[in-house]
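Working notes, beginning with the structure itself.
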Amino acid sequence: MVYSRRGSLGSRLLLLWLLLAYWKAGSGQLHYSIPEEAKHGTFVGRIAQDLGLELAELVPRLFRVASKGRGDLLEVNLQNGILFVNSRIDREELCRRRAECSIHLEVIVDRPLQVFHVEVAVKDINDNPPRFSRQEQTLFILESRMPDSRFPLEGASDLDIGANAQLRYRLNPNEYFDLDVKTNEEETNFLELVLRKSLDREETQEHRLLVIATDGGKPELTGTVQLLINVLDANDNAPEFDKSIYNVRLLENAPSGTLVIKLNASDADEGINKEIVYFFSNLVLDDVKSKFIINSNTGEIKVNGELDYEDCNSYEINIDAVDKSTFPLSGHCKVVVKLLDVNDNTPEMAITTLFLPVKEDAPLSTVIALITVSDRDSGANGPVTCSLMPHVPFKLVSTFKNYYSLVLDSALDRESLSVYELVVTARDGGSPSLWATASVSVEVADVNDTLRAFAQPQYTVFVKENNPPGCHIFTVSARDADAQENALVSYSLVERRVGERPLSSYVSVHAESGKVYALQPLDHEEVELLQFQVSARDAGVPPLGSNVTLQVFVLDENDNAPALLAPRVGGTGGAVSELVPRSVGAGHVVAKVRAVDPDSGYNAWLSYELQPAPGSARIPFRVGLYTGEISTTRSLDETEAPRHRLLVLVKDHGEPPLTATATVLVSLVESGQAPKASSRASAGAVGPEAALVDVNVYLIIAICAVSSLLVLTLLLYTALRCSAQPTEAVCTRGKPTLVCSSAVGSWSYSQQRRQRVCSGEAPPKTDLMAFSPSLPQGPTSTDNPRQPNPDWRYSASLRAGMHSSVHLEEAGILRAGPGGPDQQWPTVSSATPEPEAGEVSPPVGAGVNSNSWTFKYGPGNPKQSGPGELPDKFIIPGSPAIISIRQEPANSQIDKSDFITFGKKEETKKKKKKKKGNKTQEKKEKGNSTTDNSDQ
């Protein structure tokens with residue numbers, strides 16, 4: 001029997017244990033506790049072991065933890081099954097002031113599905129000291145108050161809970177007051193100042209006390225407040241409220257006038273001392289008074305302004321109930337108003353610009369501005385997202401929560417768009433959601449990245465010569481797409497030398513307007529083409545710019561009248577006398593009028609006309625239209641007048657034409673008298689010239705020696721230059737120029753001509769030019785006529801020495817063309833048959849593309865010298881004389897008058913051959929030879 005009882009008891013105990021185990025496994029509830037502010041990795045518990053799970057089955061069964069709140073506070077290590085702290089846990093932030101604070105977790109495993117509930121209690125630590133709302137409180141106490149009278153004080157608050165929030169108060173030692181702390185049903189401390197000894201206002205009007213609040217944590221934390229007690233004269237029974245603290249809940253969007261609470265206080269006194277009025281206490285802040293209003297008679301508190309949960313989610317209003325006695329007494333209570341949040345705030349954005357204006361060459365990802373977004377609402381109404389308008393070279397980059405950076409996403413070009421107006425939109429997560437926009441003006445700062453450009457790389461300008469000094473000839477303009485200083489352009493000349501003078505002595509350019517001015521009158525005879533560069537530079541750092549080339553063609557004007565070459569021996573009154581035998585036939589050349597014109601083109605194309613004398617009969621003479629040769633038109637007979645006064649008009653083809661006149665006196669003599677007259681004239685000239693013969697001989701020898709040395713130097717220099725590599729802006733050698741002057745007056749020059757062109761480089765030296773008829777002729781050019789070369793021009797001495805009456809050197813007519821103005825040259829072909837000896841045909845017409853001239857005086861062309869022979873004559877630069885170095889035979893005799901005559905030469909030569917032994921005739925030949933040299 002006893003045995004059976006014992007077995008029955010054991011069975012019952014086993015059954016009870018199984019029931020408890022089954023109940024525990026079915027509930028799946030685990031409890032852990034950790035202190036707040038635990039560090040990351042703090043051990044919480046062996047959750048796998050406590051749940052009866054093996055470590056090897058955690059992963060296969062998909063062990064996972066879910067949280068109802070923040071899921072990142074706790075984490076489970078699947079390797080060892082330990083629950084640990086993953087992030088900082090702040091109990092005050094997590095649970096506010098709730099007595100119990102727990103983190104609820106749900107552990108879920110599959111195969112089979114099981115759910116376990118885990119509760120982790122967060123223990124409070126003493127990390128918040130007590131705090132008073134004010135650093136000083138003021139009380140007014142009547143001196144008639146009896147000992148043990150109590151005066152409410154605003155207590156301190158502690159964010160902690162439990163023992164850490166259990167506050168103890170103490171007062172600095174004094175003989176009048178003490179502290180008393182009461183706790184209501186909500187365990188809220190109600191602090192009162194207790195009067196222990198009667199006050200005497202006449203003895204002490206003011207008392208200063210220090211209240212110290214100490215919490216119950218370890219270690220203890222404290223807070224203090226100053227009490228200023230003013231002693232008043234007043235009353236016996238004070239009004240009293242039903243409660244010392246009233247709690248009210250109110251929506252934050254409650255309109256103005258909404259009733260918050262109606263207070264009721266009572267006073268045991270009678271009469272006027274029983275009548276009570278209600279006021280806000282002196283402890284109430286002005287901000288609270290602006291949002292609430294109290295009816296002093298009824299005690300109703302109403303909303304007076306806009307409430308905002310985000311500004312303040314609770315208000316503590318201290319109310320005084322004061323009787324109307326002469327010495328009023330007051331009662332006190334506190335109304336705590338707690339606000340409930342609604343989604344009534346749009347997101348807020350704060351934009352801080354860091355890099356404005358933005359340079360257009362700023363690198364990508366440059367931070368332009370920082371944008372901070374926030375929403376004063378809480379909960380789901382609080383999260384904010386930010387976005388930027390599309391199709392702009394910027395983007396938003398989220399750096400931290402509620403922080404965005406506005407960065408450069410693609411390259412900028414200020415010349416395309418200088419200002420970007422960006423719109424940033426911020427939107428919260430409420431329902432319905434609220435949004436806000438903000439504008440950001442991004443100005444693009446200019447950098448000097450645009451080269452100054454002219455409309456074209458080269459300009460061609462035509463300017464007439466003899467312009468007034470300082471005249472405006474052209475305006476250059478360059479465009480720059482930059483701004484401000486980078487677009488300020490200044491123009492300047494690229495200074496070079498033009499010949500022996502600087503470019504700035506010819507032209508100048510205005511630095512701001514780009515106007516080009518001629519500083520002096522331009523002379524076509526000096527400069528035909530002025531080529532230079534104008535530079536445009538901006539004011540950027542570093543400055544940018546470019547150059548443009550100006551080709552200024554100086555157009556010729558007919559400003560030079562034909563100039564007659566002075567005769568060797570003049571007649572009376574500036575006229576020239578010529579003796580002509582009566583036996584000459586038609587076409588006999590009597591004399592030649594020589595004239596030159598410094599102009600070019602048609603302005604230098606000379607023609608000759610014979611002006612008839614008034615009242616005179618038809619004379620038997622004529623003048624070549626373009627040669628200036630005076631010849632007979634018919635045979636002379638005995639009936640002709642013995643003397644003729646011929647007036648030759650020399651006229652150019654300019655507009656208007658300019659003229660010069662020459663007078664020739666022609667005397668008709670018998671055939672035997674002409675040589676005698678010539679001999680007498682020559683003999684008369686020997687006397688005054690004899691003194692100069694020796695000097696001229698020495699001078700000729702010296703000049704020939706110097707010229708030979710200089711010719712050798714020039715030949716050596718030319719050979720070196722031709723062997724060297726040609727460079728830019730250096731005059732290269734052209735075809736040889738052939739200018740011949742012989743006894744019969746025939747001369748020519750090659751088709752290749754070098755025109756005067758003044759550029760930025762110095763022209764080649766042409767101080768000495770030797771001309772030899774023995775130079776080989778270059779191959780006939782079949783190319784199109786080239787532009788005139790400005791590097792070479794005839795000197796005044798060469799002009800004076802030419803036998804041609806038509807001086808067409810550089811007589812081109814400027815015509816605009818693709819490559820510049822072309823030169824049209826009046827020409828006479830050397831192959832054209834001559835109608836009469838001593839004349840040349842007039843030019844076929846302007847525009848004939850030929851630069852070759854051959855003038856023929858006398859019955860035939862002169863014979864060209866051989867390669868080894870010396871030239872008949874050469875020209876000394878700076879001297880109007882053409883020196884003859886040809887050796888004449890001893891019996892030769894040449895007679896020349898002031899103007900070159902040809903028919904008389906041939907007749908004289910025949911007579912000289914018949915009289916070789918005559919000594920007097922030899923003297924005449926020597927005199928005539930000297931005269932010829934002077935004339936040339």
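Cβ coordinates come from backbone N, Cα and C, glycine included.
Note that the structure is predicted; figures quoted are calculated from it, not measured.
Pulled from Swiss-Prot, these are the features on record:
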type	residues	note
COMPBIAS	774-786	compositional bias 'Polar residues'
COMPBIAS	895-909	compositional bias 'Basic and acidic residues'
DOMAIN	33-132	domain 'Cadherin 1'
DOMAIN	242-349	domain 'Cadherin 3'
DOMAIN	350-454	domain 'Cadherin 4'
DOMAIN	455-564	domain 'Cadherin 5'
CARBOHYD	Asn264	N-linked glycosylation site
CARBOHYD	Asn448	N-linked glycosylation site
CARBOHYD	Asn547	N-linked glycosylation site
REPEAT	773-776	repeat 'PXXP 1'
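Long-range Cβ neighbours of Asn264 (N-linked glycosylation site) (same chain, at least 6 residues apart, Cβ-Cβ under 8 Å): Phe241, Asp242, Gly299. Recorded residues Asn448 (N-linked glycosylation site) and Asn547 (N-linked glycosylation site) have their alpha carbons 17 Å apart, per Cα-Cα distance.
In the domain 'Cadherin 5' (455-564), helix, strand and coil residues by DSSP number 7 helix, 53 strand, 50 coil. Shown for the domain 'Cadherin 3' (242-349): DSSP residue counts in helix, strand and coil, namely 9 helix, 48 strand, 51 coil. In the structure as shown, the Cβ atom of Asn448 (N-linked glycosylation site) sits within 10 Å of 20 other Cβ atoms. For Asn547 (N-linked glycosylation site), the same-chain residues lying six or more positions away in sequence with a CB closer than 8 A to its CB are Val494, Gln533, Val534, Ser535, Ala536. Helix, strand and coil residue tallies for the domain 'Cadherin 1' (33-132), in that order: 12 helix, 37 strand, 51 coil [DSSP]. Looking just at the domain 'Cadherin 5' (455-564), the mean pLDDT is 85. According to DSSP, the domain 'Cadherin 4' (350-454) comprises 3 helix, 55 strand, 47 coil.
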